[in-house]
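What TrEMBL says about this one:
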- 6-127: domain 'Phosphotransferase system enzyme I N-terminal' (DOMAIN)
- 154-226: domain 'PEP-utilising enzyme mobile' (DOMAIN)
- 190: active site, tele-phosphohistidine intermediate (ACT_SITE)
- 297, 333, 455, 456, 466: phosphoenolpyruvate binding site (BINDING)
- 503: active site, proton donor (ACT_SITE)
């Protein structure tokens, strides 16, 4: 009988091979003080320089194996090694407190890790892995320890590790590494992202797989379900070999849908768009046949740096996205940042409840210099594609009107300066707050579109922090209360001849898609890797029948009743 562990499916597919334990080196260090701080600073600088040489080589290898977009991860790592916000405090600690180089490095690095991990946004929490990866490499050089080298693997294996750093993952050879499983990590960790780029099955967050598996054990990794089987019996191996063959066949079938429109069985066309965080995500968007970008999270331009991005920097990023999408609609969300995301150059106030505080449009309307700079960059970039702009965290119609007035002021200035600006820019809002959903009929008369942000709409409607395990049972995307709000927003937009999209996790959820199709959602925006499966699902659904299903669902009493209803189809 095989032993089975559960984790998070990070990259679809099935891998069957012997386990290769990637053993972590001993990076133990002391907190001893030193007699000669300057010698210690010199040791630290030497470790930084050695790390730069290694990362440059890894970056070049990644560019060949994965392409320039994924190699850009290591450009970010190299910038970390030059970031005065990180480097200077370490040198100061050595000189002021006579700390040894290793202790000073890890004290400062761990503080940065804590800041990133405390952020509300999962993508930003996972950026703590960048700091860990870089600091681990520098620490190894300070201690004179050699890090594991995955490039030496020359037989078919499944890698088992506590975690895989981005640099580990970039060095994996697909010819020999058939999959991997780790103790920690999430779907948006760099290792998970790169495993999807490499198309290597992966399971992360198993918690204790390194304790359960021995080097050489036979393992099966199911990246679709998050299951890992250790020393499976012959019956299980045969079953998963068949599942592996089915997955490969399905993958080939899905590729045939890349250039298709998304149309239901009874002829209704809906748009499947992608969510992105940076221009580096465009490769996946294009390769998966996205019909546009439904959410461009611009806040990542502002993070991981010690000063505000200039108008020119923002313009270049927006221009690249619009140009590469070749006329397909790009919905850009203006800066969505607040007290839960600490930026050193903004001096944001500490708040007891940052999710309900000074953030997003509230911050932008207050600090208009930041807002106007972004709007000018967007307006200039609009000449290079099909731009739609949406404001996040809108609670009242007056907030929208004020934001729109500022946009119009900046547009008039640019036109006066003979700068080319598109005259077809759509202007919309995120529907994340129940007050906005309740007033959707009023908003619909003034906006061009709605985009429903279900992640926040659910937690605000249910009064349940989605990051709290104790109340996670209340985070219910299929609750009839949520479905009724979604219907109210869609109906209000359609009455005014406008459209409604959705960019939360719910939009790519296979259980939710039939309901959303029935409710009349016009645009589904999701992670690029979910698009082809969603397209196939919608092609096999009849929108008229789903409309009846949705009508039944909003009259259910509980989420459980809704799920049971959907499962019947």
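Cβ coordinates come from backbone N, Cα and C, glycine included.
Taking the features listed in TrEMBL, we show where each one sits on the structure.
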{"residue": "333", "record": "phosphoenolpyruvate binding site", "contacts (Cβ under 8 Å, 6+ apart)": "295, 296, 297, 298, 390, 391, 392, 430, 451"}
{"residue": "456", "record": "phosphoenolpyruvate binding site", "contacts (Cβ under 8 Å, 6+ apart)": "355, 393, 432, 433, 504"}
{"residue": "503", "record": "active site, proton donor", "contacts (Cβ under 8 Å, 6+ apart)": "275, 294, 295, 331, 430, 451, 452, 453, 525, 526"}
With H, G and I counted as helix, E and B as strand and the rest as coil, say where DSSP puts residue 297 (phosphoenolpyruvate binding site).
strand
Its residues classified by DSSP, the domain 'PEP-utilising enzyme mobile' (154-226) shows 18 helix, 19 strand, 36 coil
Per DSSP, the domain 'Phosphotransferase system enzyme I N-terminal' (6-127) contains 79 helix, 15 strand, 28 coil
Averaged over the domain 'PEP-utilising enzyme mobile' (154-226), what pLDDT does the prediction give?
88
Would you identify the secondary structure of the residue listed as 'active site, proton donor' according to DSSP, in three states?
coil
The number of other Cβ atoms within 10 Å of the Cβ of residue 297 (phosphoenolpyruvate binding site), counted over all protein chains shown, is 20
